[in-house]
Amino acid sequence: MWWDERVSARFRRNLQPTLTYWSVFFSFGLCIAFLGPTLLDLRCQTQSSLSQITWVFFSQQFCLLLGSCLGGVFKRTLSQSLFALFASSLAISLVFAIIPLCHNVVVLAVVMAVAGLAMGCIDTISNMQLVKIYQKDSAIFLQALHFFVGFGALVSPLIADPFLSDTNCILSNSTANASSNLPHIRKSLVPHHPGNLSHYDLPMKGMVVTRVSYAFWIMALINLPVPIAVFFLLYKERMVPCFTSSSHPLLPADELAMEARPMEKDDLSISVQRPPAAGGHDDLFSCCQSKNFRGASYTYFAVHITGALVLFMTDGIVGEYSGFIYSYAVEEPLSVVHKVAGYLPSLFWGFITLGRLISIPISYRMKPATMVFINVVGVLLTFLLLLIFSRSVVFLFVGTASLGLFLSSTFPSMLAYTEDILQYKGCATTVLVTGAGIGEMVLQLLVGSIIHDQGSYSFLVCGMIFGGLAFTFYAFLLFFHRMYPKPSPETGDASPDKPAVTEDTGQYQR
């Protein structure tokens, strides 16, 4: 096997919770990309204008950010975390089932806001729990976790595609004129940003003939095994009230074997528990309490801030690139035909998924700091080449694939690296997830307004600037890492290479 026996043994001990967290992130991925291709049918279903349907995007993104901030509230005990994941994954299935019944845009926005809250909780809790379980070995498992986001983001548009309307989905006297524009409009509806379509007028009165409801019901059924998997984990841990007994759950065979043999030094470090008050990974509001700042050095805050700023830029690039690459391609000087340009967002997400899959074995052999360095340098060089060869359609496709590969592993690598620096204390996971969510929302709005005022070429210029800022913030993070106080010998194994002991490490704790 390409990982050593110690990591393999830890994975086997935590097989069910690890697979459960991975599956929950598949639910997260399903919700990311379905709005773009189905937006026209949803607009017909709700008989709303484009300016009105835009609020559906905003409500999802804003509540995703809010859910990321609130997700840490449920981390205090394992039961709270699992019940929150069960409720969130079940809510996503219910959202998919309810969307076809939403014939008012306000109701649809409220439903998507619920989905956003569920996605935010899943994002924060799953990352936190994997870091707690695996600590210094968490990089490889975080890479796999984020692979499932990309996989879900690929699956949902593929499910929706056969059910999308080929002609106007509202029959009226002007249908014949509108239907000829529909293929172009369809390809313009890429994820995250419908605002550049305001000049397309479709009939809003008539009989709705969309079949997209079947796609949402299929996605609801596909997602249904995820909350079931979380429920089985709750049942295994004796946390379901109806099935709770006074007896403790039996230890798996490999855990019994571990208890029967002398503990190795690494196992000893994960068996001792620290008082809960000293644990990190709080929710955002708990992190901001003054009691957490007492005695902390300036580098403690600097590591949190610079790590979050790197992800603010890189996740912002993911959002703005997937949202505007089509608009850039169809404009001068490239003037790519609409059907061909429609493949660019799919290519981008496809290579993000492929990159996350490739990063799983690579992350075991390569340090997280090195992977982040390669990522940010690769993003910067790709945008530079895209600017140099801005008139080449071929290189636009090559650059899109390259950018997806370099951006794919940035978040899990940065999360693992920052947690290593802070010795698994502080609020790194919460701060980084929040920073990434804010970046994706803010940079989309910023780039949209700049493109509107300055033209499509500014799209690549903005990407180059954001990539340069990400590299700059990463350089500051390296500097603060060197300045961060090294643990004294009395602190035991708390170091970037030997993690501090927290309440949920190594073995699955309650």
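Cβ from N, Cα, C; glycine included.
Any TrEMBL annotation is an automated prediction that lacks curation.
As recorded in TrEMBL:
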- 21-40: transmembrane segment (TRANSMEM)
- 52-74: transmembrane segment (TRANSMEM)
- 81-99: transmembrane segment (TRANSMEM)
- 105-126: transmembrane segment (TRANSMEM)
- 138-159: transmembrane segment (TRANSMEM)
- 214-235: transmembrane segment (TRANSMEM)
- 300-328: transmembrane segment (TRANSMEM)
- 340-358: transmembrane segment (TRANSMEM)
- 370-389: transmembrane segment (TRANSMEM)
- 395-417: transmembrane segment (TRANSMEM)
- 429-451: transmembrane segment (TRANSMEM)
- 457-480: transmembrane segment (TRANSMEM)
- 488-510: region 'Disordered' (REGION)
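Across 21-40, 138-159, 340-358, 370-389, the stretch most heavily in contact with the transmembrane segment (300-328), judged by Cβ pairs under 8 Å, is 340-358.
Spatially, the transmembrane segment (395-417) is not adjacent to the transmembrane segment (52-74); fewer than three Cβ-Cβ distances between them are under 8 Å for residues at least 6 apart in sequence. Residues 16-17, 19-20, 23-24, 26-27, 30, 34, 38, 79, 82-83, 85-86, 89-90, 92-94, 96-97, 99-100, 155-156, 159-160, 162-164, 243 of the same chain sit 6 or more residues outside the transmembrane segment (214-235) yet have a Cβ under 8 Å from a Cβ within it. For the transmembrane segment (340-358), the partner stretch with the highest count of Cβ pairs under 8 angstroms, out of 52-74, 138-159, 429-451, is 138-159. When Cβ-Cβ distances below 8 Å are used as the criterion, the transmembrane segment (457-480) is approached by residues 299, 302-303, 306-307, 309-310, 313-314, 316-317, 320-321, 324-325, 327-328, 369, 372-373, 376-377, 379-380, 382-384, 386-387, 390, 418, 443, 446-447, 450-451 of the same chain, each at least six residues removed from its ends.
Sequence-distant contacts of the transmembrane segment (105-126), counting only residues of its own chain at least 6 positions beyond either end whose CB sits under 8 Å from a CB of the stretch, comprise 21, 24-25, 27-28, 31-32, 35, 42, 46, 48, 52-53, 55-56, 58-72, 74-75, 81, 84-85, 87-89, 91-92, 95, 98-99, 145, 283, 429-430, 433, 437. Within its own chain, the transmembrane segment (370-389) is flanked in space by residues 139, 310, 314, 317, 359, 362-363, 395-396, 399, 402-403, 405-407, 409-410, 413-414, 417, 460-461, 463-464, 467-468, 470-471, 474, which lie at least six positions past its ends and keep a Cβ under 8 Å from the stretch. Remote same-chain residues near the transmembrane segment (429-451) are listed as 61-62, 64-65, 68-69, 71-72, 120, 123-124, 127-128, 131, 192-193, 195-196, 281-284, 287, 304-305, 307-309, 311-320, 323-324, 327-328, 411, 414-415, 418-419, 458-459, 462, 466 (criterion: CB distance under 8 Å, separation of at least six residues from the stretch ends). Counting only same-chain residues 6+ beyond the ends of the transmembrane segment (138-159), those with a CB under 8 A from a CB of the stretch are 3, 7, 11, 18, 21-23, 25-34, 36-37, 126-127, 130-131, 215, 218-219, 222, 346, 349-350, 352-353, 356-357, 359-364, 368, 371, 408-409, 411-413, 415-416, 419. If one looks beyond the transmembrane segment (21-40) by at least 6 residues along the same chain, the residues whose Cβ comes under 8 Å of a Cβ in the stretch are 53, 56-57, 60, 85, 88-89, 92-93, 95-96, 112, 115, 118-119, 122-123, 126, 129-130, 144-146, 148-157, 159-161, 164-165, 169, 182, 185-186, 189-192, 194, 202, 212, 215-216, 219, 222-223, 225-226, 229-230, 345, 349.
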